[in-house]
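Feature annotations, courtesy of Swiss-Prot:
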- 246-249, 342-349, 489-503, 547-549, 575-586, 595-600, Arg609, Asp615: mRNA binding site (BINDING)
- His309, Arg325, Tyr348, Arg349: tRNA(Thr) binding site (BINDING)
- 313-317, Arg363, Arg375, Tyr462, Gln484, 547-549, 575-583, Arg589, 595-600, Arg609: tRNA binding site (BINDING)
- Cys334, His385, His511: Zn(2+) binding site (BINDING)
- Arg363, Asn364, Glu365, Val376, Phe379, Gln381, Gln479, Cys480, Ser517, Arg520: AMP binding site (BINDING)
- Lys286: N6-acetyllysine (MOD_RES)
- 1-224: region 'Correctly edits mischarged seryl-tRNA(Thr)' (REGION)
- 243-534: region 'Catalytic' (REGION)
- 535-642: region 'Anticodon recognition' (REGION)
Amino acid sequence: MPVITLPDGSQRHYDHAVSPMDVALDIGPGLAKACIAGRVNGELVDACDLIENDAQLSIITAKDEEGLEIIRHSCAHLLGHAIKQLWPHTKMAIGPVIDNGFYYDVDLDRTLTQEDVEALEKRMHELAEKNYDVIKKKVSWHEARETFANRGESYKVSILDENIAHDDKPGLYFHEEYVDMCRGPHVPNMRFCHHFKLMKTAGAYWRGDSNNKMLQRIYGTAWADKKALNAYLQRLEEAAKRDHRKIGKQLDLYHMQEEAPGMVFWHNDGWTIFRELEVFVRSKLKEYQYQEVKGPFMMDRVLWEKTGHWDNYKDAMFTTSSENREYCIKPMNCPGHVQIFNQGLKSYRDLPLRMAEFGSCHRNEPSGSLHGLMRVRGFTQDDAHIFCTEEQIRDEVNGCIRLVYDMYSTFGFEKIVVKLSTRPEKRIGSDEMWDRAEADLAVALEENNIPFEYQLGEGAFYGPKIEFTLYDCLDRAWQCGTVQLDFSLPSRLSASYVGEDNERKVPVMIHRAILGSMERFIGILTEEFAGFFPTWLAPVQVVIMNITDSQSEYVNELTQKLSNAGIRVKADLRNEKIGFKIREHTLRRVPYMLVCGDKEVESGKVAVRTRRGKDLGSMDVNEVIEKLQQEIRSRSLKQLEE
């Protein structure tokens, strides 16, 4: 007879098997009404699943993260229910949960229009408002296959044939006349699935293979209540205003074009931001004692075969040939850095050796995945590799962690989630090697009192890694930084040093990137600041404007003076009204506008305005220069008088 232990340590004794819903009802009708699922001995189960033995039980509600994920998954099934009613010949493929929502890939003999999506969402609401029960049945593999074969669901049959063992018992979930297959759990009743919205459609190949049929992917978002849904939609609206592609065009930062998909054409102002970011990173490299190097753009395929990249990464690599030799354009910098390390005999006294590069890399990303600066084919990594002894690993990883937090704080990013990615199925190196590498990273994080979670199986094929995900002002996650141990690549490329015992040893290699892709990070910053870059990063920091022609000479003198002081400044001497000039440069997000009239010429001062519309009044020119230099030098996120 099961004894159920609840999270508060209390126990309930039963003389028969019980479900999480039974226990919730036993505790109280309010909890039963809120019960979505249960966690039994750490495993999520449906509210109706029976517990036959002693167990630890937590009741999952919409307030739990798992509860929200279940709601989203059930909304995907609701979408399937609705689309089969509207277009009965639709074939259903897969419908997983994603960040903030769900999607379903469908095979439909018509291209869905916006009107179709609206009709589909309306039908989903009509069905959800019926508050029908979702019925779960565990059936044999053969019964599941027969069920979907009879319904013409060829994609579900394919999943059963290729992904589910014949002795398994798949879970079928019945939404009235509609049936879907899933590991679950799902909501017990559709009253939990009232707060959703369909967002967009896109194309997607079956199983992600371009050789397969193109399906239609329908994206949706779902939340536990109306307030949360509306808040999310408002964040999306704000995100659209901050879209770096839109702002990049408004501020003339860069452009992309069809002749070079995924490659950035940097304009002067955008390249100014890029170079200023490089200056900042270089200052940190000097502070943390890195040396900067530059490797070639492409190397012989033979080298990439030695590293293991060719076997694991060749589909993402661009290749070319010359004089009967095949070359790979580098997708990453690490093999080149090992070649530099290998030049000349190294001693243990030379370690740690910290080698950094602004490496120009190229990856053959699918054209459909390209997205402005966020997903490109040609990008620059703020990449570094540290060669060290095993005894130095902990100190070096600690240094990397400090550098990550040091740099992110400069941009105002405070919420950082850390994950430790462990060995994937497809990997190089021994299990003992992976055990040691994973333990070293975990200990370094623990010593820095940094909370982290494991991502099982998500490491790179050559070593485990720490991933740093920062959250922006809209609470969107951006995975940028990595610190990754590699016990394999140096030995593959014959890297060695002479140890204290005068024997040759293989160094440990630590891969380290903080901003990740410079292009992507500029995209993130553009959206984080909505184009209002902090003064130190702004392409033009000051515009000096005249009111009439009589102040032109004074404006030119001031422009030269500020430029000599290291400030990026422009003069606007156009024969336009001063209000027009101020509005134009405000729209260009120029941090400071200095206005010069006859009064300013006579007094040797300037009238200072910020792009936020704040009038700082008349100020001495030297005082303005001194304050701006301090703001720029300190890389402050705030402007004067803020």
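Indices start at 1 and increase along the chain as displayed.
A Cβ is built for glycine as well, from the same backbone N, Cα and C atoms used for every other residue.
Most buried of the binding-site residues Tyr313, Tyr348, Phe379, Phe580, judged by other Cβ atoms within 10 Å, is Phe379. Summary: among the binding-site residues (Met317, Cys334, Leu345, Val498, Val595), the fewest other C-beta atoms within 10 A of the C-beta are counted at Leu345. Those same-chain residues not listed among Cys334, His385, His511 yet with C-beta within 8 angstroms of the centroid of the Zn(2+) site C-beta atoms are Met332, Asn333, His337, Asp383, Ala384, Gln484, Asp486, Leu489, Met509, Ile510, Arg512. Counting residues per DSSP class in helix, strand and coil order gives 45 helix, 26 strand, 37 coil for the region 'Anticodon recognition' (535-642). Looking at Glu365, Asp615, the binding-site residues in this record, the fewest other C-beta atoms within 10 angstroms of the C-beta turn up around Asp615. Annotation for Asn575 (tRNA binding site): spatial neighbours Asp549, criterion Cβ-Cβ under 8 Å with sequence separation of six or more.
DSSP classifies Arg363 (AMP binding site) as coil under the three-state reduction. Cβ neighbour count for Gln479 (AMP binding site): 12 (other Cβ atoms within 10 Å of its Cβ, all protein chains included).
The closest partner of Cys334 (Zn(2+) binding site) among the binding-site residues, by CA position, is Met317; the full candidate set was Lys246, Met317, Val498, Phe580. Ranked by Cα separation from Arg349 (tRNA(Thr) binding site), the binding-site residues Met317, Gln479, Gln484, His511, Ser517 are led by His511. Neighbour count (other Cβ atoms within 10 Å of the Cβ, all protein chains): 21 for Arg609 (tRNA binding site). The highest number of surrounding Cβ atoms within 10 Å, among the binding-site residues Lys246, Arg583, is found at Lys246. Taken over all pairs of the listed tRNA(Thr)-binding residues (His309, Arg325, Tyr348, Arg349), the Cα spread reaches a maximum of 38 Å, rounded to the nearest whole number. Spatially, by CA atoms, the recorded positions Lys286, Arg325, Tyr348, Arg583 include one closest to Thr548 (mRNA binding site), and that is Arg583. Summary: among the binding-site residues (Gln484, Ser517, Thr548), the fewest other C-beta atoms within 10 A of the C-beta are counted at Thr548.
In sequence order, the binding-site residues near Glu365 (AMP binding site) (Cα within 10 Å of its Cα) are Met317, drawn from Tyr313, Met317, Tyr348, Gly579, Val595, Arg609.
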